[in-house]
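**Student:** Sharing a structure here in structure tokens format.
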Amino acid sequence: YKQCHKKGGHCFPKEKICIPPSSDFGKMDCRWRWKCCKKGSG
């Protein structure tokens, strides 16, 4: 998956992706990332 930095593509806004902590006492690792671009017309 590539980040949406290309012009002319149909891209979605950023979404928050949360990754469970490796330890039981850790916090959720949440980061904002770009959704993937869809190919084709729409």
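Note: Cβ is positioned from N, Cα and C throughout, glycine not excepted.
When I checked Swiss-Prot for this same protein, it listed these features:
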DISULFID  Cys4-Cys36  disulfide bond
DISULFID  Cys11-Cys30  disulfide bond
DISULFID  Cys18-Cys37  disulfide bond
**Student:** Quick one: Cα separation, Cys18 (disulfide bond) versus Cys30 (disulfide bond), in Å?
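**Tutor:** Rounded to the nearest whole number, the Cα-Cα distance is 4 Å.
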**Student:** Validating a neighbour-count step here. Other CB atoms within 10 A of the CB of Cys18 (disulfide bond): how many?
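**Tutor:** Cβ-Cβ neighbours of Cys18 (disulfide bond) within 10 Å number 10.
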**Student:** Tell me which residues of the chain lie with their Cβ under 8 angstroms from that of Cys30 (disulfide bond), as long as they are six or more apart in sequence?
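**Tutor:** For Cys30 (disulfide bond), the qualifying residues are Lys16, Ile17, Cys18, Ile19.
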